[in-house]
Structures are given as C-alpha cells and as structure tokens.
Amino acid sequence: MSHRFAALPVLAAVPPLLGLALWPASAVDPATWVTVALVVPLTLGQLAWHLRRLTWLRVVLWPVLAWLALSLLSYLLPEHWVAHAAWNRLAEGLVPGSHVDDWRPPLLVMVSLTLLGLGLHSRTRANLGAPLLLTTTGLVLAGQALEHRHGHSLLAMAAPWPVIGAQACLLLAQLIDALGGWRVTRGSIRRALWPSLLLALIALIFWHHQKVLVEHALKAGVQAQGQRLADRLSGEIDAHLAAMRRFAASWEWLNAPPSSERWARQASLYHRDFRYFLNIAFIDTDSRIRRVYPLDEVNRRLIGTRLFDAQPGGREALERALDGEGVGRTEIIGLLQGQPGIIHYLPVARDDDGRILGAVGMVVGLQSLADTLFRQVDPHATALALFEGDRLLAYQGPAQRQGPWQHAADIDISGKSLTLITRPARDALLARRSRLPVISLMVGLTLSYLLYLALFARHRMLLQHRQVRRSNRELRREVRTRADLQKEVEWLAEHDELTRLPNRRRFMQVLDAQAEIRPLSLLLCDIDHFKRINDRFGHLVGDRYLAELGRLGRDVIGAAGGTFARFGGEEFIACLPGFDTDAAVAVAERLRRRLAEAGLDHEDGSPMTLSVGVATLGEGPLTPEVLLQEADDALYRAKARGRDRVERATPRADLTRAGI
Ligand SMILES: Nc1nc2c(ncn2[C@@H]2O[C@H](COP(=O)(O)OP(=O)(O)OP(=O)(O)O)[C@@H](O)[C@H]2O)c(=O)[nH]1
C-alpha cells in the first residue's frame, strides 16, 4: 500500500526537472534532455500510482521501458552485429544531426527506476527484488555523483545535478513506499540482501575496473596513433633530405647550368615521390631562380626572382649552399607561395675551375606536407592539427564530437620543434570500445538479482516450512488431547470418578456378560451411618473414605475373581461368578473385616462399618432385577438387625412359597 509521505519526494522531483527546463538549451547536452524525457514519465507514473491510476502508470512505463531496452541493445550488441555507425544512422533518422550517444540516458539508474515502477504496478515489490534494486540503484546514483565530480571520461554516464536530484527523489519515494511492505518479510529480505548486494557490488567494481582498462587501452591507442603519425612526419622529412642529396649529387658532374628539359625530367622523378615539394628550383650564384619544377602558374612567375631580395629569411641558408659549404637549411619561413615552409639548398654543378654554378632549392610547404600526411587519415575518425608554438599550421578532422583525449607529439623539423595533435572522434572511439565491461556488468547484476530471488524464496519457504511443522506439532498435540479426552469421557460413562470403580451401568453390563455362570452371587454393600462422617468431618473426608473403601473392595473382590462397583451414593455392589452363598458370605465378611481394620473411623473412634446383603442365583435364568431385589432385601435386613453385618437373601421362590 502506498505510504502517504512517499508522494512528497515524488513531488520534490519536479522542481529540479523544471529548473533544468529553464537552463539555456545550449548548456544542456542532448542526452540530458532524453534522460529528462524519460524521468518525467517515471515521475508522472509514480504520482499516478499514488492517485490509484494504474492504467496511467502502465501507459507511461511501457514506452520508457521500450526505449531503455533499445538503448541497452546499442550498448551491448557487438560492433560486427550492429555497427556504431548503424545506430548513428538510426539516431540521424530520428533527429537529423544527432548521434546515438545523444539518445542514451544513464542506463543503470533509469532501468532500475523503471523496474521499480513495474514493481509498483504488479504490487509484488519484495518478491521482485525491490530491496536489491533500491540499494544497487542508490550505489550507482552515488557513483554517478562521484563521476560527476571527477569529470567526464569516454564511458562515463554522469548526468547533470538536477537529473541526479530528480532520480534520487524518485528513489526515495520508492524506498518509503517499499518499506511498509517489507515489515512482514524483513528477515527474508535481510538474509537475501547482503550476499546479493555483495555480488552486485563486485559486479559494479569489476565493471568500473574493466571500464578504466578499456579507456586506458583506447587512450593508449590514441597515443600510439599520434606517435605513429608524428614518426611518419619526421621520417618523411628525413627521407626527403636523403632524396634531395641524391638529386643534388646527380648534378655534380655538370659543368654548366642544367637545361630546362633535363631539369624538368630529373625533378619530376623526385616530385612524384614527394608531392609536398612546392617546387624544385635551380638557383644561380646571384640567387636568381633559373629552373623550376613543376612549371605551374605560381612557379612560372617565380623564374628570374632574385631570392636574396625576395626571400631574405632564406638568404643565409642559400649563401651557405652557394659558398659550397654544404646543405643550407632555412628556419620555418614565409614562402613565396604564401604558406609557411622550409627550404633546403644544396650546391650543384661546378665549372672547370671548381666554382659553384648554382644551388638546388627544394621548397617544402608545411601545409602541403601536413596535408599529404593527413590525407592518409580518415578525417571523420581523427582530428589532426600541426602547430608551431601557438600558430596552427595545418588542421584536418571533425569539427565536433571529438573524443576526450588527445596526443601531442613533438616533431623536429630543421631544428624547429612542431607539435602534432591527434584527437580521435568520439564515435570512432565508441565503435572501437570493448563491450566486455557492460556485458560483464549485465551478467553480474542479473546473477545478483537471481541470487536475491533464490535466497529470498528459500528463506520464505524455510519460514513457511517451520510454520507448517509447528502447526503440525500443535495439531498432533490437539488430536492426542482430544483422543485422551474421548477416552476419559468413555471411561467416565462407565466408571465412577471418585473411586475409579465401574459404575452401575458398567456393572449391569458385567452382570449380563456373566448371566450363564452358576452359581452367581451378588453382594450389595452400604456404609453404615455415612451421613455422620460427612456431617462431622466434611464431604472431602467422606470422599476419601469412599475412595478407600473402593480400593479395599477392588482388592478383596478382585482377588476372588469378582467385580466390585459403585452402585450409587455410599452403596457398592459386587458380583462373584461361581460363588455360592456361603462362599459369597465369606468374601463379604472378609471385606467387612478389612474395612473395620482400615482405620477409617467415626468421630468417636469407632471404625466405619459396612452392611452387606448377599443374594445367590443357584440355577435358572438370571433376572438381574430379581437378584438385585433379593440382595437389597438382605441388606435391608442387615441394617435392621443392627448394621455391620452380612445377611443372606431369601430366594424369591422360597418367599413366594412361604406366602411372603
Ligand atoms: N461425601 C460423600 N457423601 C455421599 C456421597 N454420596 C452419598 N453421600 C452421602 O451419604 C449419606 C447417606 O446417608 P443416608 O442415606 O442417610 O444413610 P446413612 O447415614 O449411611 O445411614 P444408614 O445407611 O442408614 O446407615 C448422605 O449424607 C449422602 O450425602 C458422596 O459421593 N460423597
């Protein structure tokens, strides 16, 4: 059931989102807008749940879930299944100019919040692993906040503070809502939560570690690529110097300036290999350009130019070559072609006296050199920039969406240090990244979720098992008690509780059972003056006397093989099968004597006594009422004749005969 306070954090999630809407749009990246676009329905869904509008909740949740599933796929699927470029095309189709990155929210938190929302909908939060989801999401959210503080990396999922705030509010609302439902299952939740949370934590730490490794590998790749390009650039310079020496050497044997045809033929061979030579020129001793290759419009205009005047920055290097001192190399100077570059001058051709006739000048435009090199690199995948100090000499690459890392390599050209900056595009890095971290995270979190469910279910079952066992034990005890009671009731129906003797009903059954035995004697016993005992000593003592007589009777009559029973009040009865009158009288006398010796005395110290009437059926059918009546008559006589005695009954037949 919803907790009324849980609606407050949900409402608290609204201001940060509204605040974000007021930020200048340029300050918020597109992925943040997508996150907000997903957080808003989640907030509305949670509010809908509080308002008991489950259909609204469903309507807002499913599209969010579908979106997140698609984003998750774009993270998980290997590059050779669905290329990063294909995802980008899909994004481009949705909003021209956008990239797949722009459409991805911080997935972990969003997926957890949506699953928690689904839990609200199905109302089985504890079973759906809400405690684990809540704690894991809390950890991830905290991690996001930390990532936020430590700046962005390629794979960081940091969202802006308002979004983190709104997500935290929703999470708090879920927690308040869920807490109420956890009361009953708290024990099971606790037992399931710790191990699975530990596993989730390990998965998160492993993921983070893997992510760092992947970023390191990508970073190392960027550095290696940058260094490779820088090395190639330096190598190119060295190669062109060597080529130039060969070129100059090929003119050594000449003792006259080269003809324009020969110059063009020879220079074209070198120019084919080194396209970035803006020209290869023959310069006479007066520093005038005499031959030049290629003969394009710009170079043609340079023929006849006196370099000492036109290009004073290169004068020193040219003089060195013309003086025959060896290779003259300029600094990076402004070339006549209008771009920065370097010129190498080498002396060529000597006259018969050994004087230098001129120098070969090879003009390398740095822009052209960089362009030649840059052409080998995909401009969409990597941005390249060549700097001389702060001065940008050449640039190529994506203007936008550059990756987070760049590599700066120093290149020495003519003793001058240039810097080559290599910065791969974000998309190129993302396409190259390993999917292992995110896959291992998904596997780890799924395993921890399953572990939670298994442990939770196991503990619930254990508790239910215990409950059932307890109920069974109670039930068995109850059945036993009822059976005992039943036995007690049955026993009470046929016995006297005070003396533990068979009662009148039971005695009549016993008598019936012995109806065929002859002779069969009955002893009807009545305590003398029992009322006095009750009156003097109280009923409790009276009861004890009765119980004592019961025990004595059971001993004496039982020893004779008969049955002793309480007939009612202070009257007892015995049945002695196979006993004739004399034998029965003897037993009755024994009982009477034993009672007199039992120490059950009246107040005056005289013993409690017993009057007994004995009736015997010698032959003929048994009529219990008749035999009882005879015994009762005999008892009456015993009472009448002074009590504490045994009287024999006069058989009915004799009485009839006597006319009584
Ligand atoms: N304590 C106790 N007294 C009982 C019980 N059943 C009957 N009595 C008492 O037994 C007494 C029987 O009294 P009476 O019928 O007057 O006979 P009596 O006092 O024994 O005198 P006689 O039989 O004439 O010798 C009564 O006081 C009854 O209350 C019983 O279960 N317990």
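In case you wondered, yes, glycine gets a Cβ from its N, Cα and C as well.
All annotation found in TrEMBL is predicted automatically rather than curated by experts.
These figures come from a predicted structure and were not determined experimentally.
Pulled from TrEMBL, these are the features on record:
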DOMAIN    289-373  domain 'CHASE'
DOMAIN    518-651  domain 'GGDEF'
TRANSMEM  31-49  transmembrane segment
TRANSMEM  56-77  transmembrane segment
TRANSMEM  103-121  transmembrane segment
TRANSMEM  128-146  transmembrane segment
TRANSMEM  158-180  transmembrane segment
TRANSMEM  192-209  transmembrane segment
TRANSMEM  436-457  transmembrane segment
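Three or more CB pairs closer than 8 A are found between the transmembrane segment (158-180) and the transmembrane segment (128-146), so contact between the two stretches is assigned (pairs 6 or more residues apart). Mean pLDDT of the predicted structure over the domain 'CHASE' (289-373): 85. Here the transmembrane segment (103-121) has Cβ contacts under 8 Å with residues 30-31, 34-35, 38-39, 42, 45-46, 49, 54, 57-58, 61, 64-65, 68, 71-72, 74-75, 91, 94, 128, 130, 133-134, 136-137, 140-141, 144, 157-159, 163, 167, 170-171, 174, 177, 441 of the same chain, all six or more residues outside its ends.
As a summary of secondary structure, the domain 'GGDEF' (518-651) carries 62 helix, 34 strand, 38 coil according to DSSP. If you look at the transmembrane segment (436-457), the same-chain residues 6 or more away from its ends with a CB under 8 A from one of its CBs are 72, 75-76, 108, 126-127, 129, 131-133, 136, 155, 185, 188-189, 191-193, 195-197, 199-200, 202-204, 206-207, 210-211, 213-214. Broken down by DSSP into helix, strand and coil, the domain 'CHASE' (289-373) contains 29 helix, 31 strand, 25 coil.
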